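Taken straight from TrEMBL:
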SIGNAL    1-16  signal peptide
DOMAIN    197-283  domain 'Ig-like'
DOMAIN    301-400  domain 'Ig-like'
TRANSMEM  411-429  transmembrane segment
Amino acid sequence: MIKVILTGYFMTCVYADGVADVVLACTLVEEGAGLGGMGGGHFTRTPATLILRDVAVGPEESLETLTPFVPPSVPDPDLLLFEAKVSSPEIPGAKVLLHADCNEQEVLCELSRYSPRGFQESSEPAFFMVSLSVDEVNFSTALILETLKVEKDQSTLTQSKLGLPLSQSGTLLTHLIFVVFTHIKSVSAPLRGDVLLNCGFKQQETPLAEDVGIEWRLQHRGKGRKVLEMKRALDDTEGSVIVHGERDGSSINAVQVVGEGNASLTLTKLKVGDEGTYICTVSLGPFHSQQVIQLHIIQPPDISLSVEKLVLKTSSPQKLSCHSNKYYPLDAQMDWFSLSPTDTEPKLFEDQGSLSSHRQHGDGTFSLSSHIGVPPTTAPGTKIICKVSHPALDEPLSVSVVVESPQPDCYWWILGFLIITVLFFYQVMG
């Protein structure tokens, strides 16, 4: 057996036969007493350690001989050491935990006591909820752990904070029974387009319940609403399913829910009002867990100039407008640049002019205009550039117009023509 320990964020990996043990620094979160002894106003946070046993790893993983993780030589009932076997069900995408420390990615790990419906919290077995996520990586999962029975004797220690029996090595023995996960914590989708919000679940080989319930809710700006709800029996060969979608164009594949644990939600013809925080809740009998996915609606702007041809007047600045239309979200920046015939790079226009107020359209998108005055002293051949930056754009969009030489006033052209005509006829008639 080849063993590996990674330090830094206290992460240990032990490779053997295609599996690894991962040790994570976590926090046990408990609800405490608030003001006046009332509950619900205060949370206590206690350092804890989570040992994930038998995490599946791929054959591409390199094996190096390093110092293995060793539990305390003398078991300490004050330490919170959670030992969880996670080989069945597996944790999808858990291999990111193996290298998060080396990649300087923070692993967020929180544990809390969990009470399934109909269970007494003080009874055994006990249950714990574990929330895991990795910064800058699309990995988020919620685990439900169930404590294993420990044969008690006179030497058996009890964890001082939780009042639960410990193993001989001083760990709280548990196994994984239920996982709810997502591979995408945040997604951007175009207005009037479609999107798939990823959510899945796995359970132990012995089913926790005979049916499964899926609920998707949307929370945005302090308001919430149900998007879709589904219930189906896991052993129903007839495929009978109850689906209620409160949002037109929302759907879920009931066959994949049962066969693959795929509870992903599809939304079509997206509107601005679809943006927000989506909560995927999976229920198996008395157990339920959830994942949160952020949906951002984006729409790039259409930009245009007020003129196709810019001929400067000889006496006053020429007004030039740039229009940025039908974009979402609100964040848009408009800048003016000039590029004279003698310059190699555009320069920021000295006078950035003025901006109109944001105009919101019926579909929730916005428009904005910027106005400048091009001085009459601007050299002919100079390119005036309007550049627009927006979150929906990979790089700024720009439109431009080239300054043309001033033209003589039409009045003098007409007057000159009339004088020449009169002189011509005078000579002919004379």
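Here the Cβ of each residue, glycine as well, is placed from N, Cα and C on the backbone.
Predicted automatically and left uncurated, TrEMBL annotations should be read as such.
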Across the domain 'Ig-like' (197-283), average pLDDT on the 0 to 100 scale: 88
DSSP-derived helix, strand and coil totals, residue by residue, for the domain 'Ig-like' (197-283): 10 helix, 45 strand, 32 coil
Secondary structure tally of the domain 'Ig-like' (301-400) (DSSP, helix then strand then coil): 0 helix, 50 strand, 50 coil
